[in-house]
Each structure stands twice: as C-alpha cells, then as structure tokens.
Amino acid sequence: MSQANIMDDEVDIVIGALHSDLTTFMNEWRPVFSQFHLIIVKDPDLSGEIQIPEGFNVDVYTRSDIDRVVGSSTSILFSGYSCRYFGYLMSRKKYVISIDDDCIPAKDNEGSLVDIVAQHITNLITPATPFFFNTLYDPYRKGADFVRGYPFSLREGVTCALSCGLWLNLADYDAPTQALKPELRNSRYVDAVLTVPVKAMLPLSGINIAFDRELVGPALIPALKLAGEGKFRWETMEDIWSGMCVKVISDHMGLGVKSGLPYVWRNERGNAIESLKKEWEGVKLMEEVVPFFQAVRLPRSAVTAEDCVVELAKIVKEQLGQSNPMFVRAAEAMAEWIKVWKAVQSG
C-alpha cells in the first residue's frame, strides 16, 4: 500500500510522553509522521515543558487538560503510559495509531525504513479471518491467498478493528523472563501478519498498535492498576487488561484482530530486577484473569463497544471482584470510562 492511498485526514497518531525532550524521537519519526496529525499526551507526573521540533501538526495535552476534561474522577488514572488513553479520548479520527516514546522506526530485511502508518492502515482496511485459520498467514497480502480446504463461505472475512505491531531489540518479555535472560533480544524481522482466532486471548502491548476508533475505541480502557505500579512497561498491566477487554468485545461483535507487521525498534529502558518487585502482583493475577476472559460471554443486547464495556464491567465486578478489590476498582473505572467517553464524543 503506498503513501498516496492513506487517508491523511482519517489518522491520528497518539504518543504518550514520559520524557519532556522529544526532539530526537520526533526527528527519527519525521519521514513517517510529518503528514499526519499527532496527539501528544504528557504524563501528568512529568515536570518540564515538552520539547518538540518544528514541522509537525501536533496537539499537546497536559495534566490541566486531563483535569478539565475528566473532572474530579478518581477511577480513571492517566499516570505513566496510561496517559495515551487520554489521546484516544480526544481523537476525532477514524483510525488511531499509538506509539511509545522509547521506540524509533525499524528497518526491514532489505534495510528499508518501516512505515508503520502504511502497514497498520493496510491491516485495518483489509479483512481479518478469525473464524478459520489460514496457514499461509494473511491471505489478503500480495503473493498469498487462501489455502486448500479453506471454506469459500468464510473467504470474505470480517472487518479488522485492531492491529498489533511488534518490535525489534527489546521485546515485550515480563520482568521475570528479562531478569533471568538479561541478554535476550529480538533480532528476527518476520515478514508476516496473521489474524488472532476467535476466542483466543492475546497479551496486547500498547507500545505499537492501531485501531478503528469508531468501532472499538471505547473498548481500549485504562482500568486495571497494580497496587505498586511503576512507570516502565514491565511494571504495568493496564494494556494487557485492555487488550483482553477489546478482544472479547471484538469476538462478540464479529470483528477481527491482527498481529505481526509493522515492527518498531524499541530502546533499552528500566531495570528488570527492580521491576520484578512491582510486577509480580500482575504476573500472579494473569492466572486468574485469563480463564475469566476465555469463559466470559456478553449478552446479545450489547451491540456497540460502549454497551459491551458496561456489560463486561458488571461481570468483572460480580465474578472477579470477590477475589480481589483491584478488580472492583477496574470494573468501576470501566463504567466511569464509558461515561467520560460518551460525554467527550457528544461534545
């Protein structure tokens, strides 16, 4: 897909800023981002003015903007990388691409710069195939097709609502894995995209994703907060929880989720041993959370992403809330998020 095919005015790029000086980061991304509207959300705990080089169409949101829009809400917290969700809230575009400020463009196997916007949009505007697995990856990519035995009745596919990109160098391992294998790096650029099958969960990372905001925007939620949560990716679970919410909702609504291309290059950050102290609670939680999401079923009356989040929040409170007050708070944050989302979207 060429640059010319991308609808420039239908794309927002959201960046959660945990550094005040974004000069190097923005200049690295200039060849890819310069023609699009950018939304930069400053971590509310970050001091100092955000520094951005000239030549970008950008809106910057700070703590005062968050307080003005969200009000005195205590359920929804936009601290750390959760600040990106405020960007999702403020976007008015059909497609949102989210990238962390510790990533720079990757290069493919031929040494060319990876255009994450073009690839994410390609993933979103071509169908997904969640109901029957195609062993030759994405059948809609150039040079591929449906394999023998694939039912013709399913070859039209469904709308893709979420595109999950990957990253080179520092992969998304948890703190225990990174602590045990400190030298482990991802150096393999796999030129493939595949649809995640229906009812299969995935650990989404908000580092490099894109989604159809009109379809599933409200389903990406800053809800789950760990008691001793830190700032680094190892120390948070908000995007993992959000990913399982959006996957359950996508399955319910007959929408698809893709994983694979595009890649970014992720720089070194944090200390895995220190992070392990903060993340261990989240590591244990997953053993309870995953079976819950695998089994949960939403009522047929829920037909929009907003409806689905409200219903899912009730089920979370009812079924998980008894085991840990953290889930009660997550359920409350989910319900609160939908109120805020509806208020902001209605102007």
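Including glycine, each Cβ sits where the backbone N, Cα and C put it.
TrEMBL entries are annotated by machine, without manual review.
Taken from TrEMBL as is:
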- R148: N-linked glycosylation site (CARBOHYD)
- R148: site 'Required for activity' (SITE)
- R155: site 'Required for activity' (SITE)
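Around the Cβ of R155 (site 'Required for activity'), 15 further Cβ atoms fall within 10 Å across all displayed protein chains. R148 (N-linked glycosylation site) sits 12 Å from R155 (site 'Required for activity'), taking the C-alpha atoms as the reference points.
Cβ neighbour count for R148 (N-linked glycosylation site): 5 (other Cβ atoms within 10 Å of its Cβ, all protein chains included).
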